[in-house]
Amino acid sequence: MTAIIGAGVMGETLLSGLVRAGRRPDELVVGEKRPERAEELTARYGVAVVDNVDAARRADTVALVVKPQDMAAVLEQVAPELRPGQLVVSLAAGITTAYVEERVPAGVAVVRVMPNTPALVDQGMHAVSGGRHATAEHLDEVEALLSATGKVVRIPEAQQDAVTAISGSGPAYVFFVVESMIEAGVHLGLPRATATELVVQTLVGSAAMLRETGTHPTVLREQVTSPAGTTAAALRELEIHKVRAAFLAAMEAARDRSRALGA
Ligand SMILES: NC(=O)C1=CN([C@@H]2O[C@H](COP(=O)(O)OP(=O)(O)OC[C@H]3O[C@@H](n4cnc5c(N)ncnc54)[C@H](O)[C@@H]3O)[C@@H](O)[C@H]2O)C=CC1
Ligand SMILES: O=C(O)[C@@H]1CCC=N1
């Protein structure tokens, strides 16, 4: 039995992935604070939504998908139900395995995961790190849990805040670029629907090229950039506006915020 405590955006992403991967609703249990959300999830997936204490008691694996700020309260609530042999998986930004281990009975295995929302379409990027009592089998179990919804990498926990800044928050940066390009298309006189179709397919095509050719992105960019052409004119403006430096500063800010959330 797997429990998911906190079924907002990321909790539902995990839940729907498990259901798509063939888990039966009676093998899953959800803890969710908002009653209207609980009703929605039961209607959509046929899962039981129970209180957190009951969810933790019934499950072998307990996935915590509440906001980092709510983690201490949830751990305080469920800790009396947890026992060695159970596995706690935290998907929260910034929360370290040590933070969880300090709040659960000794010997409970803890694994930290940084997922991302493309898992909703089985294209997620999940980074996994084990805590003090997590064995290779625990990591295998978490990998099996997540691999149905995307790629899984195992990383040292010290890299988790950087990973959060890159792949955890990453989809938002990509959507921001997409929004900006669509808006630019509208400014250039294209109908919004046309601009949207052009930008989305350009993104999907570029992503497929990166994955399928394995060619370095710099080479792919140079292939598009004809001497004294249109792309060179555009890239010059991006450099003048320090877009590369802005990305560096943005991801440093995300990394720092992740660290602060777990402090
Ligand atoms: N949204 C994203 O793209 C990603 C989110 N995460 C992590 O996932 C976690 C959840 O984030 P979101 O799903 O975006 O937030 P959210 O606000 O959509 O979901 C949190 C859910 O937890 C519920 N909740 C709060 N306190 C609770 C309690 N005491 N008991 C039971 N349920 C409770 C809320 O009602 C809500 O449905 C965060 O820790 C975040 O760092 C990680 C990677 C990506
Ligand atoms: O913005 C956040 O804090 C969460 C963690 C990574 C993506 N969303």
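Backbone N, Cα and C atoms are what each Cβ position is placed from, and that goes for glycine too.
Noted in TrEMBL for the protein shown:
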BINDING   ILE5, GLY6, ALA7, GLY8, VAL9, MET10  NADP(+) binding site
BINDING   ASN52  NADPH binding site
DOMAIN    3-94  domain 'Pyrroline-5-carboxylate reductase catalytic N-terminal'
DOMAIN    157-260  domain 'Pyrroline-5-carboxylate reductase dimerisation'
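Where TrEMBL records a feature, it is marked here on the structure.
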residue	record	DSSP class
ILE5	NADP(+) binding site	strand
MET10	NADP(+) binding site	helix
ASN52	NADPH binding site	helix
Cα-Cα distance linking ASN52 (NADPH binding site) and ALA7 (NADP(+) binding site), given in Å to the nearest integer: 12
Sparsest-packed among the binding-site residues, when each Cβ's other Cβ atoms within 10 Å are tallied, from GLY6, GLY8: GLY8
Residue counts (helix, strand, coil, in that order) that DSSP gives for the domain 'Pyrroline-5-carboxylate reductase dimerisation' (157-260): 89 helix, 0 strand, 15 coil
Residue among binding-site residues ILE5, VAL9, MET10 with least C-beta crowding, 10 angstrom cut-off: VAL9
Nonlocal residues around the residue listed as 'NADPH binding site', in sequence order (Cβ under 8 Å, 6 or more apart): ILE5, GLY31, VAL74, GLN77, VAL78
Neighbour tally for ALA7 (NADP(+) binding site), based on other Cβ positions within 10 Å of its Cβ: 26
Cβ-centroid neighbours of NADP(+) site ILE5, GLY6, ALA7, GLY8, VAL9, MET10, 8 Å, sequence order: ILE4, GLY11, GLU12, LEU14, GLU32, VAL65, VAL66
